[in-house]
Every structure is written in C-alpha cells, then in structure tokens.
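The structure appears below as structure tokens.
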Amino acid sequence: METSSKVIVIGGSWGGIQASVTILKGLPANYSIPIILVLHRLRNYDGNLQDVFKHKIALKAVEVEEKEMLLPGHVYLAPSNYHVLLENDHTFSLDDSELENYSRPSIDVTFTSVADVYAHNTVGVLLSGASKDGSSGLKHIFEKQGITIVQDPNEAEIETMPLAAIENVPGCTVMNLEQIQAFLLSLHDH
Amino acid sequence: MKLENEAHFEQDVEELIKEIHAQYGYDFSGYARASVYRRIKRFLGQKHLTSMDALRQALSTDSYFFEIFLQEVTVNVTEMFRDPSFFLSLRENVLPILSTYPFIKIWDAGCSSGEELFSLAILLKEEGLLDRTKIYATDINQRVLKQAKEGIFSAANMPAYTSAYYAAGGKQEFSSYYSSNYGSVKFDSSLVKNVIIYPHNLATDFSFNEFHLIVCRNVLIYFNRELQERVFKLFDESMVSLGYLALGKKETLAMSEISSNYNFVDKQNRIYRKIN
C-alpha cells in the first residue's frame, strides 16, 4: 500500500477523548490520510483506549506498535507510558524517556517528530485539556509551514490547553469540533 | 518534503555516528533514528551548543564530555516495578518453575541505574530464591552502572514505587527494604550481594554465559530491525533450554527468526519461554 503524502496528528488531554470521538465519527472508513492520536492517560493504566473508539468510529483504531508503517484508514493511538516518534520511512518508533510536560505520551514530542518528517504536509489539531502540552509542538508544525488547528476554547471542556496553544501560536486557526470535522473531510481524497 | 535544515542535521548525525564509532568504539548505526535525533537536539539545547559542528568538535577532543553525551543520548529513564503486572506475572508464572533449579542465573540486560535490578532482587528474596540466584546486570553505559549497585534512589519516587510494589504482589512493608536519608533512600545492600555488574554493549558484544531468565525491557525499542535481530540471536545463544525471556510491553519476538523457538508464557506481559 502507498504511504500517504499527508498526516493528521491530534492531541488532547482532559475532555480530549470525547472531542476526538466527535470529530472522528464523521470520517469514512476509507479516509485517505492517516491519523495519529495522542491522548493523555493514567500511567501504568492498561485499559484499552481502542475499545472506546471501536464502535463509535468507522476508521480502524489501533494502538501504535513500533516499526509499524503509517497507513490511511487508521487512527493510531499512542500507548500508555511511551512517547510516539515517526521515522523518515513513515514507521513508528516508541520511546520511554523522560516525561514531557508531566506526560508520557507527550503531545509535544509526537507533534515535533511528525513535523520533522512531514513538514508542511502535517496537519496538527489540539483539543481540550488541563495541560500546556502540545503548544510547543504545534508551534514547531507552524514553523514547518504545516496546518495548525486549535479547538475553540469556548467549546472545549477544559480551555487551558487550547488557550496555551493560541498564545504560543498566534497564527493557528481556531475552530469548533464541527468545523474541524468539515475541514478534515475537505482534505479527503476520494 | 523534508526541510533542508532538517536534512542537513540528519546528515551531520550520520557523520557523528561514524566519528564516535571510530574514536570511541560505540556503534550507534543500528539505533532507530527518530529517537537519536530527538536526544541529540535535546543535548544540544542542554549544553547550549549552537551547531552540530560545535558538538562534533567537543566530542572529538573531550572524552569526559563524550561520557556525558553517551549517558544523555542513550535513554536511562527507569523506575521500580514498572508495569507491576509484569512483576506479578514473573512472581506467579516464572519464579515457581525457576525454584526447581538448584542454582539460578539471570541476565538483566540494559539495567541502567538499577531500579529494575532491585525490583527483581526483592521479588527473588520474597520467593526465597535470592541466595541461590546470581544476577548479571549489564549496560552499555559505565556511568549508570556505577549507580546500579548502590541502590540510592530519590525519596520523591517512593510513594509511586510503593504502590507499584504492592500491585506486583509485594509481601512486606516496602519501607523495610530501605533507609531514608534526606532526599534519598538507600536500599539494603544484601539484596545485591550476588549481583555482578558488567559493561556490555548489545550492539557489538557477544554471549558471555547461559541464563535461566533474561530480562531486557524497553531497550530494543531504540534499535532498528537488524540490530534487534542481532540481539534476539544473542539472547537465544545465551539461554538454557526452557529458559525465559522477558521483553517490554511494546516489544515482540514476532518478527524474529528465533520466534519459532519460543512460546508465550504471558502474552500481555511479553514473557516467553524457549521450547527448543
């Protein structure tokens, strides 16, 4: 299978699961761009995030496995207690180094790594959360001329993360969940 | 697609990897690059180095600086009883079998600063096996090896380690294993009296003994497929028949040639047993 020329990377913390389900449930099973989803979770918690998504979205939700190739039609979930990095050949690497912003997985780590590989073909989406994780990664995507989207803080369950990102990346686009979904659908290559 | 400055950085890293191999003998060519790039950028920031040229210059002239670099670029983050379900499974599924042997040899490969080593030792003690077990604890990094046997850890981590210990089936007061002193704690040194600390580089060194249990968790994620395969073969050569291999939660034997020699004892916790 061909690897995609674009990638979407979504980050969220408190309120991020519900927000990402709301966006992703509108995307078709054959959606043409791979999606990486980094959600903060309790450490050492083995509960299966896949099950949360399984019956709610058409795309295939899988936990990231190291050396696995990024492919369309999938939502790749960052595993608990590992950072997710992307290699130049579009395979995943996992990393258990220091927490970033008190988090592992950290949204900043994945946003930054993905933007280093995909540059302007990166679409970064930052959702609700009670953390400042994600804003420096989003800035990195912006600097590489990727697309940067932040959930409208008025709509977000917790506005801390969106507000921090808007402050750090003034050039980002603020959208509500419905608009984010419509935008992602507009990128879909039929 | 990749920006030019990023491509230059990556070329510089390849040059650096060759220079380090030639000068110091450490071979990073088989390391997964995404993590190497990230660690090097982080190191540049920490040391206020403004270019890769400055880093290469410093590393080529200062072997002490290289030691610090080695410690930062190889990931040494670890914790006691990480993934408590793994230690519980070791206690329930592996140690009862090992207890039938008169003498037990364990290899803790990539032991880092010793948190996993002390976790293993506590488990063995509680199952009555510590006195007849020899643990070989190895790491690429000589600086962290010095810490590994001392068992001095930050007191701030003890609440988290204590709950992980109980989740791993701990049988004592956890605090009975250590004494506190200001911001740190020191674990009972009798736990590691049968431990042999040994510098060993999985990328270049060979088999040095045979073991009943090899524990190597969250080390292989930093290697590419070829280097992973080298290490799996090394482990296979270093394993007694019916020995056990424990990997990290996100590591697998599935892609390896040796996988047909092994069965899962506990799939969730990535514990394998050699069957032939």
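Glycine too: its Cβ is placed from the backbone N, Cα and C atoms.
No curator has checked TrEMBL annotations; they are predicted automatically.
TrEMBL has this to say about the protein:
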{"type": "ACT_SITE", "residues": "A:S13", "note": "active site"}
{"type": "ACT_SITE", "residues": "A:H40", "note": "active site"}
{"type": "ACT_SITE", "residues": "A:D133", "note": "active site"}
{"type": "DOMAIN", "residues": "A:1-190", "note": "domain 'CheB-type methylesterase'"}
Around the C-beta of A:H40 (active site), how many further C-beta atoms are within 10 angstroms, looking at every protein chain?
26
State the Cα to Cα distance, in Å, between A:S13 (active site) and A:H40 (active site), rounded to an integer.
5
What does DSSP assign A:D133 (active site), in three states?
coil
With every protein chain in view, what's the tally of Cβ atoms within 10 Å of the Cβ of A:D133 (active site), excluding that atom itself?
28
Between A:D133 (active site) and A:H40 (active site): CA-CA distance (Å)
10
Cβ contacts within 10 Å for A:S13 (active site), all chains included, total 26
